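Taken from TrEMBL as is:
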REGION    A:1-106  region 'Disordered'
COMPBIAS  A:14-26  compositional bias 'Basic residues'
COMPBIAS  A:75-86  compositional bias 'Basic and acidic residues'
COMPBIAS  A:96-106  compositional bias 'Basic and acidic residues'
DOMAIN    A:148-331  domain 'Brix'
Amino acid sequence: MDSNEATTSESVSKKKGKTKKVKRKVKSDEAPVQEMEQAEGEETEKKSESGPCFPPTFSVSEIKNKQRRHSMFLKLKEEKRKQKLELKKKKKKERKALGDKAPPKEVPKTIENQRIYDETTVNPEDEEVAFDEGTDEFSAYFNRLTNPKVLITTSDRPRGRTVRFCEQLATVIPHAHVYYRRGLALKRVIPQCVSRGFTYLMVINEDRKVPNGLVLCHLPDGPTAHFKVSNVRLRKEMKRRGKDPTEHVPEVILNNFTTRLGHSIGRMFAALFPHDPQFVGRQVATFHNQRDFIFFRFHRYIFKNEKKVGIQELGPRFTLKLRSLQKGTFDSKFGEYEWVHKLCLYCIIFSATHLLIRIL
Amino acid sequence: MQHDDVIWDLIGNKSFCSYKVKTKTQQFCRNEYNITGLCNRSSCPLANSQYATVREEKGLCYLYMKVIERAAFPARMWEKVKLDRNYAKALEQIDENLIYWPRFIRHKCKQRLTKITQYLIRIRKLTLKRQRKLVPLSRKVERREKRREEKALIAAQLENAIEKELLDRLKQGTYGDIYNFPIHAFDKAMEKQEEETESEEEEEEDEEESGTREFVAEEEFEESDLSDFEDMNNLKGSSDEEEDAEEQSSEEEETEEELEEEKTKAKSKGKTPLKGPVRKKRAYVEIEYEQETEPAQKSKAT
């Protein structure tokens with residue numbers, strides 16, 4: 001170690017780039033090593049079995065020469081990988097040696113595991129939530145006073161893909177009607193829909209010949225949800241799909257709508273479908289919420305025995321991501337927003353103030 | 001001095017004009033005072049000392065006139081006259097101001113005024129309609145969202161979740177009596193015990209038919225490695241019982257599938273939902289063979 005001290009004063013930051021072949025001392029790895037044994041290494045050229053060693057204070061990014069820096073970095077990576085592998089092997093040996101007494105395997109960390117508990121999660125017995133749900137806009141549906149009737153339309157001048165998507169949606173959702181937009185303003189469409197007894201208005205927005213947005217408006221003054229649509233797969237693009245869906249009313253599965261916001265969105269989806277599913281049809285529509293992405297799937301199922309069920313995908317599939325939830329019917333400028341995704345907040349503020357300035 | 005012809009000779013044909021834009025078939029003039037927009041002897045504002053145009057600013061039309069007397073004063077060269085908002089009155093104003101001017105310029109001014117009023121009307125109409133707002137997408141955000149969506153899809157394990165939910169609903173009894181599966185595990189166990197006693201007799205018959213008992217037992221043993229661990233857990237002890245169980249389950253499947261077949265026939269309406277997944281049909285066919293060589297087929301099926 002004395003010889004090291006002699007050389008450090010020279011070596012610190014200037015002699016770089018020369019390949020360092022340094023004796024590896026397992027203990028010295030653990031203890032903080034301050035010196036660099038460059039000159040020594042070159043003279044003696046003692047390559048140990050385990051390769052070069054990198055004292056902690058030295059960082060690869062300090063080398064100016066790109067090629068040497070790159071090679072150093074690769075060596076560093078290699079070393080780290082080897083260490084990791086050794087650690088794994090050791091652990092595995094220990095496990096084997098202990099046999100039954102080994103501690104149980106650790107559960108890997110996933111985003112779902114590590115999530116902080118959300119205070120807005122709905123507790124099924126919560127009275128406040130129950131009261132709210134008894135008196136909100138969907139109470140009419142859930143008390144069986146109204147039957148859903150859906151109007152599906154698009155933005156101006158829809159292209160083929162969007163039109164086909166609308167048609168397929170209309171087959172999936174019972175009592176759904178597709179209407180061509182013809183450049184009408186939504187503010188005028190909505191009162192007409194209400195007068196004809198529609199409960200839902202669904203507008204599919206299109207961009208560059210592909211559907212990319214969905215506005216779901218519950219009609220008699222209901223909340224309006226604006227979603228971003230992605231990964232639309234039409235029926236003929238599905239692999240191993242079955243025949244077309246029939247007219248039977250499908251069942252609905254809503255997964256992971258746990259928070260207050262999720263609950264209200266979940267109810268929105270539930271109210272799209274009629275109350276009593278026809279089990280004879282064996283069709284099921286699923287809205288699965290995972291990490292704020294809502295995946296929609298439409299399957300036909302069959303029970304092979306009490307433990308096994310086979311499902312076959314029919315119908316279109318798409319994913320939704322909620323962008324904003326408005327209290328009343330669709331009004332982009334003056335609406336009262338219950339929830340807005342932070343990235344869309346700016347757009348909304350901008351459009352609102354822009355209008356105000358014009359009026360003034 | 002104003003020698004229009006000389007000027008035109010230079011900028012029009014021989015030399016360079018910075019306002020000229022040449023295309024394959026035509027020449028355009030980019031000068032803002034040009035009345036027609038083409039590069040011609042009669043339309044060039046530089047090569048005509050007596051010239052007039054109509055231009056529009058913020059929704060109002062103005063008549064610009066240039067005369068040779070003011071050619072020496074570039075700052076005052078263009079005379080600007082505000083035209084009336086009313087189209088007919090504006091036309092009269094043009095006539096009034098350009099009286100005794102060449103026919104060409106008068107005509108072109110009026111034409112230009114017409115065009116301008118038409119597009120102003122269109123602008124006003126369009127602003128009343130719904131306007132498409134272009135919202136810029138942040139590329140970084142889009143990429144990030146796409147990646148997150150993929151990961152969420154993998155984490156979601158949709159098929160498993162759906163199957164689990166459907167089986168839960170079956171257990172809870174939301175389907176009522178449509179499916180005649182025994183719901184509780186207790187019932188399952190009871191059934192299996194009952195069927196063991198029944199199938200013992202059948203087993204004897206089978207053994208007599210196939211011959212060697214050892215052959216059957218060995219196959220069973222192999223299968224216990226491969227077959228469903230659910231079966232293993234439910235059943236206890238010897239391979240005999242496993243044998244029985246598998247026979248029973250095959251029988252159960254047979255009966256179930258017969259039932260389902262009947263159901264599908266009963267269900268057939270105008271638009272038959274039909275048979276369901278293709279796998280089911282295959283399984284049914286296998287069962288026909290199972291009576292002869294049950295164990296072998298079982299391993300393939302599982």
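The backbone N, Cα and C atoms fix where each Cβ goes, and this holds for glycine too.
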Q) What average pLDDT is reported by the model for the domain 'Brix' (A:148-331)? A) 91
Q) Under the DSSP assignment, what numbers of helix, strand and coil residues are found in the compositional bias 'Basic and acidic residues' (A:96-106)? A) 6 helix, 0 strand, 5 coil
Q: Over the span of the compositional bias 'Basic and acidic residues' (A:75-86), count residues by DSSP class, listing helix, strand and coil in order.
A: 12 helix, 0 strand, 0 coil
